[in-house]
Each structure stands twice: as C-alpha cells, then as structure tokens.
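These features come from Swiss-Prot:
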SIGNAL    1-25  signal peptide
TOPO_DOM  26-170  topological domain 'Extracellular'
CARBOHYD  47  N-linked glycosylation site
CARBOHYD  50  N-linked glycosylation site
CARBOHYD  56  N-linked glycosylation site
CARBOHYD  85  N-linked glycosylation site
CARBOHYD  96  N-linked glycosylation site
CARBOHYD  114  N-linked glycosylation site
CARBOHYD  123  N-linked glycosylation site
CARBOHYD  138  N-linked glycosylation site
TRANSMEM  171-191  transmembrane segment
TOPO_DOM  192-201  topological domain 'Cytoplasmic'
C-alpha cells in the first residue's frame, strides 16, 4: 500500500505539470475558450453632465455570452447594466453572440471625469477592457457639438483587480478539475487491478 501511495503521488504531480501545459494549449485552440472581444465608446456631453457609454461584446463559437459594464469613481463603484444569452444545448450547440450595451449617467458637471469604465464579457473565460473617462467639453467659442469617442487600444488601462483575480481563478479551476479527474482515474484503475488480482488468486 505504501508503494502504491508513493506512485500515485508522483503520477499526480507529473499529471499536474502535463495538464498545466495541455490546458494552456487547449485554451488557445478550443473555439469557445477564445475570450470575448470588447469594443467601447462614449459621449460626455452638456458641459460634462451626461455620460453615455457604449459597449459591444462579441464571442464566437460559444455556448453562452454574459456581458456587463461598471464604473469606478473615487468614492463608489457602480454596476450599470448586464446581458446574458445562451444556447438551449450548451454542451453541443455553439453560437456567435454580440451584445450591444448602452447606459447613460447624469450628474453634476465633471462628476465622471477620470472615472474608470470597465466593459466585460464571459463565455467561459473573461474578455474585459477598461478606459478612463475624459472631458469632452469643447472650449471653442460657439462650438457646442459633442461627438462620440471610440476608445482605442492605446487608451486602455489595467482592469480592476476583480477581473484579474477572476481570470486566474477560472484558469486554476480548469487545471485542478483536470488533476482531480486524472487522480480519480488512477485510483479507479488501481482498485480495479488490485480487486482483479485478488479474485484471480
């Protein structure tokens, strides 16, 4: 029994290392593990009082898509809106999903300047983007037009810690699930072979 226990431990450790690399490869190749793509835009009009946020999230070949947006200000964090779509048979049916989320916030002039907006999507892994709201007041005399601003990749900042932790946690859950499955198979095989040998005697 002692020998079997040592063997099991070694195999489990090796399997963990193997699944670590295999899981990374799988997340790159399996269709619904591609993280959702997030595109964002906003309008900050009427002397920086009305902030309208646009968030488009797209997931390809996925069993579901859950999207949402939030804003972080110096003294509060506010979840703004969310949306979920999924196929009737998530195990076998994969679809392409696009969510177009829009939300308008109204406050005192300058309330949302320098606030950070995060839009995200999840189809089994996270795709998220965060940008900083900038003033859109046009100082030119007589020019009152405010245009939509499409957020470029160069304007993205680091996502809130929640999303970084969630990405790591989801990845580790996949790895640990694989390890538990491998250990279960090894145990089952050992028990079966030991029982078979005992009956054979």
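Cβ coordinates come from backbone N, Cα and C, glycine included.
Taking the C-alpha positions, the distance from residue 123 (N-linked glycosylation site) to residue 47 (N-linked glycosylation site) comes to 38 Å. When Cα-Cα distances from residue 96 (N-linked glycosylation site) are compared across the glycosylation sites 47, 50, 56, 114, the shortest belongs to 56. In three-state terms derived from DSSP, residue 85 (N-linked glycosylation site) belongs to an extended strand segment. The two recorded residues, residue 50 (N-linked glycosylation site) and residue 138 (N-linked glycosylation site), show a Cα separation of 14 Å. The closest partner of residue 56 (N-linked glycosylation site) among the glycosylation sites, by CA position, is 85; the full candidate set was 47, 85, 114, 138. The two recorded residues, residue 114 (N-linked glycosylation site) and residue 138 (N-linked glycosylation site), show a Cα separation of 17 Å.
The Cβ of residue 85 (N-linked glycosylation site) lies under 8 Å from the Cβ of 64, 65, 97, 99, each on the same chain and at least six residues away in sequence.
In this structure, 47 is the one among the glycosylation sites 47, 123 with the smallest number of other Cβ atoms inside 10 Å of its Cβ. Secondary structure of the topological domain 'Extracellular' (26-170), assigned with DSSP and counted as helix (H, G, I), strand (E, B) and coil, comes to 20 helix, 72 strand, 53 coil. Local packing around the glycosylation sites 50, 114, 138 was summarised as the count of other Cβ atoms within 10 Å of each Cβ; on this measure the leading residue is 50.
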